[in-house]
Amino acid sequence: MASLTSLFTALLAFFSVAQAMPALATGAPSHLEPRRIAAQAKYFWEPTGSLARLHYDIRYFKEEVPYDEHRLVLRDLIRSYLGVLDAHGAETWLAHGTLLGWWWNGQVMPWDYDLDVQVSNDTLQWLGDNMNRTEHAFDGTSLVDGAERPATKTYLLDVNPHHSDLTRGDGANVIDARWIDMQTGLFIDITGVREREESRPGVWSCKNYHRYDARQLWPLRPTVFEGVPALVPYSYQDILTDEYGHKSIVAEEWEHHRWEAQTKQWILMSQDEENERKDQAKELKAQDLALQEEEQEQEQVS
Amino acid sequence: MVPLKITPAYHRALVLAASIFFLSSIYLCSTRLLNNKAMTPDHITTPAKATSTKPVFLNDADLPMSYGGYDRPPLTGLTLIGVIPPEYIPTPKNKRRLVVVGDIHGMDSALDALLKEANFNEETDHLVSVGDMVSKGPDSPAVVARLMQLNASAVRGNHEDRLLLARSNLDAMHGVTADQETPHMQHRKGKSEDVAMARTLDKEQLDWLAALPVILTAEPLPLLVVHAGLVPGVELGSQDPWAVMNMRTLAYPREELRKKAMESPRRRDTSEVDGLGDMVSGEDKLQGEYEAVRENADPSRATFDRAVVVPLETRTGEQWTIGWDRHQEGLKEDQRRTIIYGHDAKEGFKEGKYTLGLDSGCVKGNSLTAAIIEATSNTAFKYTTVQVACTPP
């Protein structure tokens, strides 16, 4: 028993040191320092301090965007991105949590920190060759004293120089490009999919090994997201349940939000409301269990 | 402070009380606990009796859930629901027939033979296709031309869907993607066959296909036509088009999560059964009605863990037709619907109580099947089937 405990402590110590190591080795990222020091130097950097902060680009981060504004910022992000890519005829489609938001009500889920889209590696190459580091103005909406006001925003398309790497490497550069809100630092992760493994023709994947059959993705389906034209994969339900399980397309409570059937919106719950709902659910379950017991007893009597 | 003094009388009373407590404990333990079936070895897996004091733990299987409660934006260029024109609906008076034919897949000569076998008469009969009219077989354009010429009704199958999407992708293509589009690229994206098939059809034929709905109703007959299936308990307007064109089986997410939590199934929650929850607390006369509905109720719906259903394209779940039949039994008679579908050549021609599968694998060299629908009243029908053998292409 004692040896087990000491082994556990040793493991803990090892992992904490191992985690701290890269930070020690590379130091804090800075605008002024050249970034491409080593082959696997991380290209995109995020501030630290909270989970939410990992979803800001460090170059444009000022402060965490409050809850009420967050949705507006993400909505303008995706609208501007889809508009600009369509203007150039570049094919892109919704992925991961953003696709899940479309599944429920065609909107960004209010607890989503960032947005996810995918492109083919050819499109990614074209973006890198032709549009890298371009800035784009967009007529969006800002919250001024609690009221929505028109605002011109600027976005940056930034392609990771590691975008054409075949493998995941050490995982520092799995995001191939970003569409960044230069006002807040919030962004869309753009990942390229390609036929990555020689042994699997017809199987497309991103660097993080999310795999798709070509016929799950194409032909893409035109639809609408956040009020603008968007594309989703052909077998959208399969792609969602492969990644997140059957639960993801039916559960009506996520991250302190509940699905409101009347308005078809995700509503943020207060801690009290959450507790209340939990108590109610517990009571219902207790009733069900008691009923079941009763039935079982009756069965046994007869 | 009065010092506590234990007199002999007090002592006797104490011993008596302790003895009574001890003996009643033994009695209660042996009668209550040991006779409890849950504690005997045979029932070791069933949970102990739930009382108000016993803590209840929630897990993912107890979350509020729904399938079909979403409000997804529509898929562009796709019609969800269409109707068979009322003038074609059979009644006892007009003696008309609906001839509903399974997956044709470009097998025009088989279709021709089937129509002859069914004594198809344009004056009195209306032809309906369950989708997958095109692809795989030798002559898709001829099949579409014949259906159009006969003024047939049809639903969009997964093969039409792919082909139409591939074509609309091509039409919408501009800029970068248009520059990069090559036959090789189309092949890599799994679109070659669909693009090639779309090229064999003329614009009029493509437009005819594009206008087809995913679900066809035949009001006032209690009959629906779809390509693959429908999810029981979800209203038509909320059915997911991808599922209607591709599904084969049903999964029950709560059951899966319950298993994962290593709990025994949670059976009843009346609030989950449509309308039943209100009736339970209602007056006595309603109580009788409640019992009646409950007896009739779909057992899968009344079961908490089966109340939420997800459609699957794979064969890993319960066959959707079994779930559909069971659900219909729990509905009032005037709300039950029979579905005619295709898509599943592996299951082949298949008759359920409220389902009729017509894909008998013509393009694989088996047979092409049609159901001939005739009215027995204004709101009821009967059917017979005809089949012809197919020569594999």
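Note: Cβ is positioned from N, Cα and C throughout, glycine not excepted.
Unlike curated records, TrEMBL annotations are generated automatically.
As annotated by TrEMBL, signal peptide applies to A:1-20. Annotation comment: TrEMBL describes A:87-195, A:207-245 as domain 'LicD/FKTN/FKRP nucleotidyltransferase'. The region 'Disordered' annotation in TrEMBL covers A:270-302. The compositional bias 'Basic and acidic residues' annotation in TrEMBL covers A:275-286. TrEMBL lists A:291-302 with the feature compositional bias 'Acidic residues'.
Same-chain residues lying 6 or more positions outside the compositional bias 'Acidic residues' (A:291-302) and placing a CB less than 8 Å from one of its CB atoms do not occur. In terms of DSSP helix, strand and coil, the compositional bias 'Acidic residues' (A:291-302) has 11 helix, 0 strand, 1 coil. Under DSSP, residues within the domain 'LicD/FKTN/FKRP nucleotidyltransferase' (A:207-245) fall into helix, strand and coil as 13 helix, 13 strand, 13 coil.
Confidence across the domain 'LicD/FKTN/FKRP nucleotidyltransferase' (A:87-195), taken as the mean pLDDT and rounded to a whole number, stands at 94. DSSP states for the domain 'LicD/FKTN/FKRP nucleotidyltransferase' (A:87-195), grouped as helix (H, G, I), strand (E, B) and coil, give 21 helix, 46 strand, 42 coil. Using DSSP to sort the residues of the compositional bias 'Basic and acidic residues' (A:275-286) gives these counts of helix, strand and coil: 12 helix, 0 strand, 0 coil.
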